Structures are given as structure tokens and as C-alpha cells.
Ligand SMILES: *Cc1c(COP(=O)(O)O)cnc(C)c1O
């Protein structure tokens, strides 16, 4: 009678592969930007499931779509298409630079598709020798072996045997380094418009422009990994829309399904054409249940009022974090864009980001780290003024707790 057994956090240490070190509490329900644990303790959620729950927990429109689609059709596999996948693709290409979409289930899988597509495109158009992928140090693109190898933190790809080859890393925002390395053998340059996991570090406008120009000069594809920055997070549907630069391939995931697993790779017609039947695929990709939920999330997020609200909320956070800093002097800078913000810790608190997260849990507010020196905020885009005020009241207590420790 599994349902009647009292589940405790200690089970994790017994039956789950120890990939993670989760918090001591177990959340059991959520509503908007609040979560409650097994003991009915309340948390204000400023972490948003790591930039996933863009509409908060259990948004009524998403619940409605999920239950309606759940009673109609879940999965048919890709030897048949389905209405939700076609509607979602139509909306995404209408709203972006892209002509076609490929759906899959996670950010890593979308990037895996993007990197394979870039390699195949270069091979077909220019020949086998054009296979170099250039990516950036501290970049993060997922945990499959190809994506972790393109990611710019080698400790994630060490220790698994020989890595996929022809991948090189250079410092982010370094135009000279890219100029030096890029050549006609480069098939793709891969970047996050704003490095999320790597420390909430935005690309300079000049840098993004230079990357685009250098890609064009060398017939290399520009891949934007918008898995974290996508779906309204920065105040536009995608971050590239504020950069004056368009990619050739874009990947997105996290917030796309508002908490339901789904990812997409978007691209132009000519590039898409090399993925002919049989070249790539995935069993669950584009399934009707995920696409129906994502379509509803898309409609709610791709709305001028929602996107303007993200900018407004960025202002709330910046003002409040400045106030906290005036008292506690623990941040050297607040960087990022929209509702993907990082409070960079001063020397005195170097390496202590996790202590702020832990103190937050004690005070009933959830925030994230982005590396050891940055406290990251990635809340729901529809965070209310009341949720924000209560969350920051608790975060201020958490800061005080760390500073006085
Ligand atoms: C989270 C993330 C990924 C990986 O997504 P998964 O769904 O965990 O595979 C890839 N790229 C970026 C920029 C991310 O933030």
C-alpha cells in the first residue's frame, strides 16, 4: 500500500541515484508563486523551478488545457502528426525569425538536435571538413555527452571517456578571440544570449553583432541557446529580439511548457531541409499533451502586457536589491535582464551563494545560485506585487542571517 506509507526525504538517499543533493523539505503543492511542503510550511517561490514555471504553479488556464487534452489524446508518435503540435509550430514560427520547428523534450535534446543539424548542414553544403563548433567558456547547453562537451565547463564533461571532437571554447564577450579562431572550417558558433548557469552574464550588444558578422563571413551558422532566456524571461518573447541580431537556429525549453516537459528547435527553411525523414527524431517529441499545454503557455506569455510586466518586475527587483545592499553591502552588482537576475556577491562573501539559498529556505523564500558567487532570481513572469513584497521581506531576513553568521 505505497500510497499509505509516510514518504520522507530520507527515501531520496535510499532509492534515488545520487545525482542531486535536494533540499531537506519536500514540496507537495503549489499555487501561483507559493509552494507548501509536507508540514504545510509556505515558501515564496522566486526560483520558478529554475526558470521553468513562468506562469507560476497550477495556472488555471494550463490546468484546464492539461485536463481537457488529457481526456482527448496524449500520444500518437511521430508516424502521425497531431493538431496541437501543428498549432504550436505555426504560432512559434509566426512570432520569430524561424520558418520551421522541431519539438523534443528537454533543453539538452533541443541543443543536441541543433548541433547535429549544424554539422549536417555544413557537410551537405560545404563538405566534411567544415565541422568545427565554437562555444564559450562558462556556457551551459545541457547534460547529454555532445551538449556537455559543447558547454564551457569541462568538469561536467570530464570522466566519461573520449569526447566528441572539433569543439573549441573561447571567453564570452571576447570579439578578438573569436576573430582569431573562426575560419571556413567553422560550422557553427553556439551561445547563450545571456549565460544563465554560468553566472547570469549578458552578452554585450557589440559582441553579439560581431558574432553574427563573423558567422556570415565564414558561412557558419549562429545557434542561440535560449533554453533559459526564452519565453518572455528577458522581457521579449526571446532575448535575441532585443539584441538586433538574429540566429540561424534557436533552441528553447524550460518555460516553454510552463512546467510540462517540452523543448523546441527553431530554424530557417534552408537549414531545416537537411533534416529529411530518418536523419533525426525522438519518440515523445511534439506529443499532443505537451504541445497543447505549451500552446496555452505561449498564448499567455506572447502578450505585450505580460512582456511589459517582466520589465516592470525587473525594476522592482533592482530597487529592492539595492535597498538590501545599502544595508548589508553583500552585492557588488546586480546583472541580467528581465526576470533572470543575478546578485553578484562581494569579495567578503565569495563562494557563499549557497548560504543565501539555505538561509532563504529557513526564512521561507526560494532563490537559486548561478555558480558559487551569484544569487539568481528566476521567478514566475506573473509574480504579483504581494508575492514579491513578501518574498523580498523574507529574502532580506535571509541576507541578514548570512551577514551576521
Ligand atoms: C537548462 C539549460 C539547458 C538544459 O536544459 P535541460 O532541459 O535540463 O536539458 C540548456 N541550455 C541552457 C542555456 C539552460 O539553461
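Numbers here mean position along the shown chain, with the first residue as 1.
Just so you know, glycine gets a Cβ as well, placed from its N, Cα and C.
Curation does not apply to TrEMBL; its annotations are automatic.
Copied over from TrEMBL, here are the features:
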- 107, 108, 140, 225, 226, 227, 228, 283: pyridoxal 5'-phosphate binding site (BINDING)
- 143, 282: N(2)-acetyl-L-ornithine binding site (BINDING)
- 254: N6-(pyridoxal phosphate)lysine (MOD_RES)
Ask   = C-alpha of residue 143 (N(2)-acetyl-L-ornithine binding site) to C-alpha of residue 227 (pyridoxal 5'-phosphate binding site): distance in Å?
value = 13
Query = In sequence order, which residues at least six apart in the same chain have a CB under 8 Å from the CB of residue 108 (pyridoxal 5'-phosphate binding site)?
reply = 141, 142, 143, 144, 147
Integer Cα-Cα distance in angstrom, residue 228 (pyridoxal 5'-phosphate binding site) to residue 282 (N(2)-acetyl-L-ornithine binding site) = 22
Remark   = Around the Cβ of residue 283 (pyridoxal 5'-phosphate binding site), other Cβ atoms within 10 Å, all chains included, total 10
Ask   = Which value in Å gives the longest Cα to Cα span across the pyridoxal 5'-phosphate site residues 107, 108, 140, 225, 226, 227, 228, 283 as recorded?
value = 25
Query = Reported as an integer number of Å, what is the Cα distance between residue 282 (N(2)-acetyl-L-ornithine binding site) and residue 140 (pyridoxal 5'-phosphate binding site)?
reply = 22
Ask   = Of the binding-site residues 107, 140, 225, 227, 282, 283, which ones put their CB under 6 Å from ligand 1?
value = 107, 140, 225, 227
Request  = Please report how many Å separate the Cα atom of residue 225 (pyridoxal 5'-phosphate binding site) from that of residue 254 (N6-(pyridoxal phosphate)lysine), as a whole number.
outcome  = 11
Message = On the three-state reduction of DSSP, what should I expect for residue 108 (pyridoxal 5'-phosphate binding site)?
response = helix
Pairwise CA distance, residue 226 (pyridoxal 5'-phosphate binding site) versus residue 254 (N6-(pyridoxal phosphate)lysine), rounded so that it is a whole Å = 9
Ask   = Where among the binding-site residues 140, 143, 225, 226, 282 do you find the Cβ with the fewest other Cβ atoms within 10 Å?
value = 143
Task = State the three-class DSSP label for the residue listed as 'N6-(pyridoxal phosphate)lysine', counting H, G and I as helix, E and B as strand, and everything else as coil.
result = helix
Key: For residue 254 (N6-(pyridoxal phosphate)lysine), the one of 107, 140, 283 that lies nearest, given that the binding-site residues are compared by Cα   = 107
Request  = May I ask which residues of the same chain, at least 6 positions away in sequence, place their Cβ under 8 angstroms from the Cβ of residue 227 (pyridoxal 5'-phosphate binding site)?
outcome  = 107, 110, 111, 141, 142, 192, 251, 252, 253, 254, 263
